Amino acid sequence: MDRTDQDAAASADRKQRQREAFHADDPAAGPLTTDQGVEVDHTDDSLTAGERGPTLMEDFHFREKLTHFDHERIPERVVHARGAGAYGYFQPYESCAEFTRAAFLQDPAVRTPAFVRFSTVQGPKGSADTVRDVRGFATKFYTSEGNYDLVGNNFPVFFIQDGIKFPDFVHAVKPEPHNDMPTGASAHDTLWDFVSLQPETLHAIMWLMSDRAIPRSYRMMQGFGVHTFRFVNAEGRGTFVKFHWKPRLGSHSLVWDEAQECQGRNPDFNRGDLWDAIEAGEYPEWELGVQLVPEEDEFAFDFDLLDATKLIPEEQVPVRPIGRMVLDRNPENFFAETEQVAFHTANVVPGIDFTNDPLLQARNFSYLDTQLTRLGGPNFAQLPVNRPVAPVRTNQRDGAHQSAIHRGTNYFPNSLGGGCPAHAGVDGKAFTHYTERVDGHKIRRRSPSFQDHWSQPALFWNSMSDWEKQHIVEAFRFELGKVDARAVRALTVEQLAKVNGELATEVARGIGVPLPSGPAAEAAEATEASKSASPALSLEAQRGDGSIRTRKIAVLVTDGIDAEQVTSVRERLAAEGAIVEALAPVDGEVRGADGELYTVDRALPTVASVLYDAVLLPGGPVGTSPAAADPDALRFVRDAYRHGKPIGALGSGVGILSALEPEGLRLSTEFHHVESDLGVVTETSPGAAGEEFLDAFVAAIAAHRHWDRLPTRH
Ligand code: HDD
């Protein structure tokens, strides 16, 4: 590291050094004690009157232990209850002084420590990761000027326009009140009842029905600040800003059928993936980009910048990269850090301000309010994960769980305390609210500029590739197909007809409701705006660096395997940064055709194809695939094929692919490579894999999924 890098790394370590002061390594420190520090010699039996007698009240150790345990849980978040977090840092590429005076966006040599929590929204804390849902993407920057929280999602738009509707929306999507079902799912009557009556939901619903709602990894999804915020520079000039996180590895998703199976095979699929990548030193990275709109262009769009159900197409206002974030440290205690972290949209720093977006204004109330209940009082900013690295000097005192021993005066103004803490401002560092002129009548009415609910859902639909459109239709059919109230299904289709006629028709055909006729149908594609497209909205356009780093590749091995083949592919995939695991019917070792023993990473019955990105079938010397006899292996390959995953087969390993012919694979063994455009790459000659095979297999993995292989809807 040169000096600049060292300085940058030291700046990122500020939060870690602060956390270290709070480490409590009880087991290493000596014998067991009570909370009062009294040593305990026996914690396995309670104090009783006689060997078979009743437990005695005076057993203070027993009562303290049980009482503490009884109170170990805090209320889970009312939304976004399930999450996973990590520490890291943010580093700007260059100074953004032209637009904002935020200190953490000025100096490319300074890394600002950060904590990110990813989450699902609907399900409780113990629900599965791979449900169809929005993902939260909340970032806390521990800046030198105090904490800045960017509390975003992996969709750029939200379901409602005004925060007063948030309780209605959340009640509708959450499990139904009478039976607390379904868990982690939106496919139920109350959500779709709400959607059918509330067309402002349609744009976010289109995102929810798309593959964006089932990300392959938290490390492979975009993040968005959603609202239009305001940058303010040192001269006090404001610029509207929308925030975008773009993952270096690109945005990739699961297939719905796979996502559902994953919920059972590994409910921790996304959080485990994040944890493992960081432990392996494969640090997830995102680029922070901004869309900047000068204040004078506030009304230059055919939608309102204050409307959180709208996005600014990137083709209209390009995303300008301003820095990158790297997550390089897992938390040490889930409860202390990931569970107790408290985000708040109103945690801003000088240079970043709000707009009058009514959703944002409501959020600025709600987050502090919810933390008071969730974290049991007003002192949660003292918790290690929430503590700023900037100095804190307030006259706030007391309250539950106060951990500071404040001394001196606690009011302003004072002379007895030397006037401290004094008002900031002389050095220009204080936060000052943007001086926006506001003038109007007190009214309770949605702005007429918020009324077009159909053009942008149409824009989204128009921007999708064919396979994405197919998945959206299938998702609508799945969700509405689970709605019992037929009238709700029909009304939702009427809403969709105002977005796009083809979409409505395809959905209607799958759920047994008539196509709308009359005004709703006529409204489809009515406006100019609803005919446009924004290619950047397609996952096709979000491929990142195109590498296969951290993709998980399964190699199915058994005794008799051609070890030379396995080694040649392993070496190449490892060089590309992929994770390769050898799977066999039982754990331990297999004996290769060369007589050597090879280590097995996992037993097939403990895993499944849905936990991997691709599969390799090496051959053996006996003319058939060694894997072909094993039912788990066959199922593995079938699933990989159904889910569009790359499959590589070598030598006699190609034989197992004939089992896929009923699934639609057109297998030809005459050629060196078979149908590699469908992501099935084969080499029939025995021995080590050739360069051509390796290149084709790596390219197939980089493409992620091979949609042409999957059946089209009817
Ligand atoms: Fe929210 C949590 C994101 C609208 C009220 N929200 C929460 C979290 C994220 C978001 C990522 C989890 C933070 C964490 O990991 O601890 N919320 C959003 C986005 C929204 C949004 C991107 C729209 C643009 N939220 C929204 C509205 C309200 C809330 C309109 C209320 C008026 N959100 C909350 C909350 C939560 C929350 C009830 C629950 C737990 C928490 O705050 O700390 O206050």
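Glycine is no exception: its Cβ is also placed from the backbone N, Cα and C atoms.
Bear in mind that the values here come from a model prediction, so they are computed numbers and not experimental data.
The record from TrEMBL ties Arg117, Phe166, Arg363, Tyr367, Arg374 to heme, and of the options Arg77, Arg82, Arg324 it ties Arg77 to that site too. In the three-state DSSP assignment, the secondary structure recorded for Arg117 (heme binding site) is strand. Asn153 (active site) and Arg77 (heme binding site) are 16 Å apart (CA-CA, integer value). Straight-line distance linking the Cα atoms of His80 (active site) and Phe166 (heme binding site), rounded to a whole number, equals 14 Å.
Spacing of Arg363 (heme binding site) relative to Asn153 (active site) is 14 Å (Cα to Cα, whole number). Within 10 Å of the C-beta of Arg117 (heme binding site) there are 24 other C-beta atoms, taking all protein chains into account.
Summary for the binding-site residues Arg77, Arg374: the Cβ-based neighbour count within 10 Å is maximal at Arg77.
Taken over all pairs of the listed heme-binding residues (Arg77, Arg117, Phe166, Arg363, Tyr367, Arg374), the Cα spread reaches a maximum of 21 Å, rounded to the nearest whole number. Tyr367 (heme binding site) and Asn153 (active site) have their C-alpha atoms 15 Å apart, to the nearest angstrom. Residues within less than 8 Å, Cβ to Cβ, of Asn153 (active site) and separated from it by at least 6 positions along the same chain comprise Val134, Arg135, Gly136, Phe137, Gly223, Phe224, Val226.
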